[in-house]
Amino acid sequence: MRKAFVKTYGCQMNVSDSERIRGALLAGGLEIVTDPAEADLVIFNTCSVRQKAEQKVFSDIGRLRRLKQQKHEFTIALCGCIPQVQREKILRDNQLIDLVFGVNNISRLMDYLEQVRRGERVCAIQEEFFEDEYHTPAQRDDRYRAYVTVMNGCDNFCSYCIVPYTRGRERSRSLPSILAEVERLLDDGVREITLLGQNVNSYHWRDGSSSIRFPELLQRVHDFHDLQRLRFVTSHPKDFTPAMVEAMKLPKVCKYLHLPAQSGSNRILQQMNRGYTREQYLERIGLLREEIPGVALSSDFLVGFPGETEDDFQQTMDLVRQVGYRQIFGFNYSVRPETRAATMPEQVPFAIMNERLGRLFELQEDISRDLSARMLSTVQRVLVEGPSKKNPDVMVGRTDCNAVVHFVAPPDMPGKMADIHITQTREFTLYGDIQSRVNQHEPVS
């Protein structure tokens, strides 16, 4: 039996795609392994949001040169976002790679591998999006939590972002297809589902005279009896409406929102083409907290955008203090081909942006540590995911606000809900003792 190794870079969308890739390989008779040295086929599912991510991919491919020379039928494949932009150029520039395929080609993976077996080098990039891509069975990383892609692509064209060029324009998946996948996952034992899209708030499926937008989709998924928790990512601030706030009040929808701000400076937000101001962003946060007290927030921030001054950066720091995020994801600006920001003047030197990023992380560490400390001696409801990878004697679960909790529990607890008394806190991790099991269909607290 041939063996395959799949390496994933980037966002949750790529993680979900890799699960479908592994599912297609298993259905095709291959065995999935965790060490590329054991494999006959290595697939790199790539990210091109930042230049560093691209460089790492090709560096990792280079490390396989010796294996490629030693094994007669050793295949290297590249998929994900990089092929969507570079296409045939990848095969011309890198002789180690045998197969390049796009994000809309996963369902035909075994056909492409057969072409490679016959001695061909294959590049297959399909622009059109087909529903049957999601009929490919997935081999998930997590038994009780699963991703469901509800839309692909982005129409926002932020000036720094390559996603519209890699994932294409927005396409919403049909409601029947989404609900059918959710039902299959719940029948398979999944209890928490995360709805995925580059901008889920833009979801809009039309069927004749009727149409469904994202708040209605949340309601339809929420109503499945066996579902315990429902999350979604990513939301765009300009599209986060009062209707979304109402939808988040649904009992099974986690009171946690990832709402990327990117900058706290109106001048930089305008240059980024984000479509909102700092004041509008804070207005949305204010409404959310007024309607859902205790909601947890996370965000993305891009440091060192062209022309960013120290004053612009201080406005970002002030926004982080004012909002009090549970967690942030910060990145240095990276020049991306095809984007408008790539040709903007006043590119910020790497040393300056890196120093600013360090200050941003230090600030967030203090905020996260304080927020975690406030949870000491509270009781938090978690979905028990399973044993910790570092210590199999300890179970791991997540709270409604996405905080990781470690605790000792009986071996039959994974997949169940439990109330945990928090006895110790760290920056992003909580520790506690199990207080009680929760009946599967008891209302979510």
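Quick reminder: no glycine exception, Cβ is built from N, Cα and C everywhere.
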- prompt: Of CYS11, CYS123, which does TrEMBL put in the [4Fe-4S] cluster 1 site with CYS47, CYS81?
  reply: CYS11
Message: Given a separation of at least six residues and a C-beta threshold under 8 Å, show me what packs close to CYS11 ([4Fe-4S] cluster 1 binding site) in the same chain.
response: CYS47, VAL49
Field: List of residues, in chain order, with Cβ under 8 A from that of CYS161 ([4Fe-4S] cluster 2 binding site) and at least 6 apart
entry: VAL49, CYS154, ARG336, THR339
Task: Starting from the [4Fe-4S] cluster 2 site formed by CYS154, CYS158, CYS161, give every other residue of that chain whose CB sits within 8 Å of the mean position of their CB atoms, in sequence order.
output: ASN156, PHE157, TYR160, ILE162, VAL163, PRO164, GLN198
- prompt: Given the binding-site residues CYS81, CYS154, which one's Cβ is surrounded by the fewest other Cβ atoms within 10 Å?
  reply: CYS154
- line: Around the Cβ of CYS47 ([4Fe-4S] cluster 1 binding site), other Cβ atoms found within 10 Å total 21
- prompt: Between CYS81 ([4Fe-4S] cluster 1 binding site) and CYS158 ([4Fe-4S] cluster 2 binding site), what C-alpha distance do you get in Å?
  reply: 17
